[in-house]
Each structure stands twice: as structure tokens, then as C-alpha cells.
Amino acid sequence: MEKGTGSPSVGGSYPQKNAEILSSQYGINLFLAGLLLTFAWAVHAVGISKSHLLSYLITLMLIQLLWMLWYLCRSCTQRRLIRDKDTHAGARWLKCGITLFAVITLILDSFKIGYYIDFSNCLSPTEGIFPVTHAVHTILQVYFLWCHAKDVIQSFKTLERFGVIHSVFTNLLLWTNGVLTESKHQLNEHKERLITLGFGNITIVLDDHAPQCNCTTTTLCSIFSQGIYYLYPFNIEYHILASTMLYVLWKNIGRKVEHHQQHKTLFKFHGITVGMIFGLIVLTSTIAIVVVYLIQIGRSKIKSELALTMFYLHAIFVLALMCTAGIVALLIYRLEDRSLDNSKNPARKLDAELLVGTAAGSWLLSWGSILAIICAQAHPKYTWYNLPYSVLVIIEKYIQNLFIIESIHREQEKVNDDIKTLRIVTISRGSTLSLTPSYKEIYNGRAAPDNGEVPCLFKGSICGRENGAGGGANEETSQENSSVMHSASDFSFYSRNSVTNNKRRILKNIAAFLFLCNLSLWIPPAFGCRPEYDNGLEEIVFGFEPWIIVVNLAMPFSIFYRMHSAASLFEVNCKT
């Protein structure tokens, strides 16, 4: 009998597990084929051109477009059916963020179309087809994520697994293509700047993929070619965000959702003024530092050294503040006694894994810089600022990861401030007493409704209505004694509530401050302010090509870490 009962469940789950494994292997092979094609184009492999890579990407996007259209049509026909939803996936602020990046990506595609028109005489037709296909793909994908990111798919599960995983790895390949194109541009600029820092022993060979013909309108060509590289950071963030949202959708296929009340997470500016002010100061100063850095670096040796020194000092100050804020937040958590939410949640699990995984990129660069400083024979003055900077990068990410991961796993408070507000009521004979229900009564939902009557408290010893003429002096005495006892209870409740609110206010300010700091630290590497390139010491110790390979592999993860941390801290601020 037991065997018979267990077999259906085994029979039902076995094919689905196989489908999950098969679809993941399909996605990995799809990604590896595209990755090798991208690498072959990057190193100028014989017989591989950019048109081959773009043709592969166009094919993947068209397949995803067909799948999304099929899914949307099927959803329209089954609109009346009640579907399970994962309330933790596809938060509104995340959808707004990906929409913003998608809009800028569409501007990037329009620049690419304009660039192709100006150089159409010597460019492959695929370079014109790619941005058009990509623009259509972007519009439909954003609409799909807005409408269906929370879906828990329970029908056509095998087919949907392949469709969703195809979409995940298509976005990852588009992200890889964007990272490589942007990195090659940054590398060319870096090679030109190294001479000004006195590193003449490094061979400067520009890796140029520029078209071999003249532009029809020089001014427009210059605007398009330069503007494209300033827009790439947003395109990169768009694709990595899309792939993570689609991955959560893939993990949710066939999942049994626990139906419980979901607390709304709303962002409020009230109570975070201090954190916002300090964060905005950091953001403004960082933008100013980046502008000065990009103007000064490469002009002369002295100006380049001053730009590097300025960057390191600013970054050390910001990272030290972030470390302090993170430690204060963790200490507050140690003083609180609140349980953690250990329920199954693919979105939250992915957030934690991405935080630790992408932080490894920065840690790799920091340890490389520390090792270079220790092993180098000559040390220019500005390189010594790199040592505390690299150490603080490691410590800050360690502390911040602990804070964010614990924050997203903490259970939300079940009682609102509005519910906790004490009400003052007037009772008979004109005397005013505080007859608020106790905290425990409110928490358990046993407080009497406010219907114009004062609720009975303390086992009926106080009643809001006169029970008759037999009240007399005994009733008044009873009311006075009870009001004294209840005032003491209210005072204790006020004290506890005040302490809790102060802790919450501090945590919200810390989360707001760290949110703006992470946005600030995302700006420099995303827009070309990369001392790991310009420092020069690491290239001497490790060799130019090995260190550049390390930087090009680690930097995209470091950039994504800052944006992902900012998104996670925004969620923490809403939940706190």
C-alpha cells in the first residue's frame, strides 16, 4: 500500500527533474557555443568575423521572440484561469529599474542603426539587422517581464523550461557581447594612457575593429561612435537583470507555492533624511571625481598621478564610512531578537548567491593589487594609496554582504505603527483616562473595534458604558486603580515602541546611505574610471596581458555587484 501511494509522486516528479536537467544542459551548451564564437572574434581567429557572431545572436533572439509570443498568446486564451504567483519575484521597483535600462538600450540601438547607415558601404548587413532585432527583442521582453515575471508555470512545463532557459542564456550572451565590446574600447584608451605614466616598456598595440571606409557625415559618425560606449553600461545592466528575472521564472516552474499573506513593501522618504543627505553628498562628490579623473588621466605623468591619488583618497573615505555604517547595522541586529524567514524562496536565494559570487570579482582585483604592492621593486607615491583602498574593498563587501543577506532573511514585523498608536478616550463624568488595549491584545487582533464604545479591559473591571445606577463609589475606585495600573503598562509599551522605532529609523538611514553609496561606486568603473588599468604597477608585476585578462574577467562582476547591491538595499529599506 505504501509503495502504491508513493509511486505516483515519484512518477510525476521524475520526468520534471529530467526536464530541468536537460533544459539546463541545453542552455549551458548554447552559452558555451556563443562564448567561444565571441572569443574567436575578439582574438581575430581565422575565418570568424563579427557577422558570424551577430548572426548567431540574431538567431537566438528570434527563437526567444517566437517563444515569448507563443507564451503571451496562450496566456491570453487562459486569462480566466487562476494562476499561482510568486509574490517575492519581479518586484515593482525591479521592473521599473529594468524598464529604465531598456529605454537607454533602445537609444543605444538607434545609435547603432545610425552608425550602420553612415558606414553602410563597408559594414556587413548583419550589423544593421542586429540593432533592429535587438530593439524589438527588448520591447517584447520588457512587456513579458512586466506581465509574467511572477508566474509559477504549471502547464506545458517541459516546453516552458526550454523556452525560459533559452531566454536566460540569450540574455547572458548579449551581456557578454556588450561587456567584451565595451572592454575592448576601454583597453584601447588604457593603452594610449600608459605611455604618459612612464610605462614605456609595455608594448602598445591597439585592437581596432573600426570600419575601413570613410563616413558619409563625419559629425554624426563621431556622435554615434562616442555615444555608443557611454550607453553600454546601461545595456549591460539591462541584460544581466533580465537574465536573473528569467532565471527565477525558470526555477519557479512546477513549484508548489505556499499561500500566505504578503506584506507590501513600499518605499518612503519619511525618516531617512540623514541617510539620504550623506548619500547624496557621496554621489555628487563621486560624479565630480570621475569627471576630473577622466579629464586629467593621460594628459601628463603628473596629472595622471594626481588623478589616481585623488580617486584613491575619495574611495578610501567612502569605503570607511560604508564599513562603519554596516558594522552599526549588524550590531543593532545582534541586539534584536527576531527570527529569520527560512521558507523556500528562489528569488531571495539567487540574491544572496549573486552578492557573494559577484563580490569575488572585486576581491580578486584587490588581492592582485595587494600582492603587486608587496612584490614590486619600485613604488611610485600614488601606489601606496592603493593598499588601504584594496583592503577596504575586501572588508566593505564582506560587511555589506552580511548586512544585506541577514536583512532579506529577517521576518517582517506583523504590527503596524498605525495599529500600535495609543488612543485616548473620554469616559463618563468628564474624566479622561488612557484606555488603550494592551500590546498583546492588538498583536493577537483581540482589541475591540472603535464603534463609539470604550472597550472593556482588565477582565471587565472597566466598561465604557454605564451599567446602571448601581455604579457608585466602588466603581469609581475600581476605575481609578485600574487606570493607574494601565498607565504603567502604557508607559512600558511606549518605551519599548520608542526604542524599536529608533532602531528602525537608524537601519533605514543606513540602508538609504549604503544604497546611494553603491550607486556612487558603480559610476566610476562603468564609465571608464578604472585605476586597476591606469595604476600600472600590476602590469609590471604580473605582466601586461595576464593582468589585463584578469581585469577584463573580474571587472564586469565588480560593476554588477554594485548595481545588484543597490537594488537589494532598496528592498531592505522598503522592508525595514
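Glycine is treated like the rest: Cβ placed from N, Cα and C.
Under the heading transmembrane segment, TrEMBL lists 26-47, 53-72, 93-117, 129-146, 229-250, 271-295, 311-333, 354-379, 506-528, 540-561.
Sequence-distant contacts of the transmembrane segment (53-72), counting only residues of its own chain at least 6 positions beyond either end whose CB sits under 8 Å from a CB of the stretch, comprise 30, 33-34, 37-38, 41, 124, 126-127, 129-130, 133-134, 136-137, 140-141, 144, 147-148, 160, 163, 166-167, 170, 173-174, 177. Remark: the transmembrane segment (354-379) contacts the transmembrane segment (540-561), by the rule of 3 or more CB pairs under 8 A. Sequence-distant contacts of the transmembrane segment (271-295) (same chain, at least 6 residues past either end, Cβ-Cβ under 8 Å): 307, 310-311, 314, 318, 321, 504-505, 508-517, 519-521, 523-524, 527-529, 573. If you look at the transmembrane segment (540-561), the same-chain residues 6 or more away from its ends with a CB under 8 A from one of its CBs are 175, 179, 183, 187, 199, 202-203, 233, 236-237, 240, 354-355, 357-362, 364-365, 368, 371-372, 375-376, 397, 522, 525-526, 530, 532-533.
Through the fold, the transmembrane segment (93-117) approaches residues 123, 127-128, 130-132, 134-135, 138-139, 141-142, 145-146, 149, 216, 220-221, 224-225, 227-228, 231-232, 234-235, 237-238, 241-242, 245, 267, 567, 570-571, 574 of its own chain, all at least 6 residues removed from its boundaries and within a Cβ separation under 8 Å. For the transmembrane segment (129-146), the partner stretch with the highest count of Cβ pairs under 8 angstroms, out of 26-47, 229-250, 506-528, is 229-250.
Sequence-distant contacts of the transmembrane segment (26-47) (same chain, at least 6 residues past either end, Cβ-Cβ under 8 Å): 53, 56-57, 60, 162, 165-166, 168-170, 172-173, 176-177, 180, 184.
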